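Student: Pasting in a structure now, in structure tokens, and then I'll have a few things to ask.
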Amino acid sequence: MDRLKLYFSVFVLSFFIVSVSSSDVNDGDDLVIRQVVGGAEPQVLTSEDHFSLFKRKFGKVYASNEEHDYRFSVFKANLRRARRHQKLDPSATHGVTQFSDLTRSEFRKKHLGVRSGFKLPKDANKAPILPTENLPEDFDWRDHGAVTPVKNQGSCGSCWSFSATGALEGANFLATGKLVSLSEQQLVDCDHECDPEEADSCDSGCNGGLMNSAFEYTLKTGGLMKEEDYPYTGKDGKTCKLDKSKIVASVSNFSVISIDEEQIAANLVKNGPLAVAINAGYMQTYIGGVSCPYICTRRLNHGVLLVGYGAAGYAPARFKEKPYWIIKNSWGETWGENGFYKICKGRNICGVDSMVSTVAATVSTTAH
């Protein structure tokens with residue numbers, strides 16, 4: 001087996017960048033980083049080696065030599081970016097992901113999709129203050145059967161629809177005792193709900209949307225169909241194919257939670273998984289661990305699902321272990337920790353506490 005094949009066999013399980021001093025790399029030189037291989041000593045690979053491994057793992061094929069060379073240049077820039085992220089976010093592991101041949105603008109357009117805007121739809125409530133004295137130290141809705149398997153939005157800015165359906169899936173589970181995968185494509189095709197004060201800021205399929213607007217649409221239209229009855233295509237549909245006789249989950253009400261982590265945790269435990277917006281700047285290079293960057297903007301651009309929290313997930317140098325949130329993403333199981341992301345609690349890192357919503361479900365009378 002040649003050297004690349006040998007490295008690739010372990011690359012699938014473990015591929016990440018460890019810290020390298022900035023003096024090691026000049027922008028004009030080939031990037032050399034270290035790769036941890038199967039628990040052995042780190043192996044030194046060039047950027048060409050990494051790109052070959054990347055193409056094999058993710059099945060990347062480019063239409064021309066020009067496209068190949070361009071993607072290689074983008075890939076090298078993203079290796080440098082991952083190295084910077086590793087320094088700024090040392091409690092997580094950053095490296096090569098399926099997005100490593102995308103520019104930042106391509107990544108934002110294809111894989112994010114939360115629109116800016118904080119105005120509440122007319123039917124939204126402000127969540128009541130809940131008691132927080134007896135919250136469990138650790139909690140995870142995956143352990144209680146309220147979370148469907150990780151999905152994949154593909155190259156479509158529909159993250160908002162996955163965040164909204166995930167919250168309603170959990171709420172419907174609490175209301176009915178049944179976990180049913182709901183249709184994101186229904187929201188992509190049929191939901192054109194607009195911000196109440198910005199008529200041109202509407203849910204717009206692969207071009208973005210808001211979870212609260214999706215809840216407003218779902219409340220008005222009667223609910224959502226099953227995923228299997230209205231399957232996801234990852235494209236904007238030309239027509240809405242809603243069949244109201246096949247609605248299986250309905251919204252009774254939805255609320256916005258204050259920027260208070262104890263209240264967020266209390267609502268999570270009581271009401272099920274929560275729809276959350278976040279800044280995804282560090283997520284393009286995230287491999288695993290608890291992300292707690294020293295610097296991260298709170299400009300929200302990605303919709304995710306908050307499913308749990310832990311009391312002690314990482315320990316900065318000379319400090320005791322710190323708590324973290326557990327987030328379900330919509331980029332497939334090959335990304336992150338089997339499709340999940342951990343981010344530290346305590347400082348509204350990357351805006352994770354800024355736009356949090358809870359939804360309650362009723363049993364649809366037309367459910368099949």
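Glycine is no exception: its Cβ is also placed from the backbone N, Cα and C atoms.
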Student: Which of CYS206, CYS240, CYS350 is the other half of the disulfide bond that Swiss-Prot records for CYS296?
Tutor: CYS350
Student: Considering the candidates CYS194, CYS202, CYS206, which is the cysteine that Swiss-Prot reports in a disulfide bond with CYS156?
Tutor: CYS206
Student: For CYS240, which disulfide partner does Swiss-Prot record out of CYS190, CYS194, CYS292?
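Tutor: Record-based pairing for CYS240: CYS190.
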Student: Given the recorded positions CYS156, CYS190, CYS240, ASN253, HIS302, find the one whose Cα is closest in space to the Cα of ASN329 (active site).
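Tutor: Nearest listed residue in space: HIS302.
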Student: For CYS156 (disulfide bond), just count the other CB atoms lying within 10 A of its CB, please.
Tutor: 24
Student: Report the nearest neighbour of CYS159 (active site) in space among the recorded positions CYS206, CYS240, ASN253, HIS302, CYS350, comparing Cα positions.
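Tutor: Nearest candidate: HIS302.
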Student: Which has the fewest other Cβ atoms within 10 Å: ASN253, ASN329, the recorded positions listed?
Tutor: ASN253
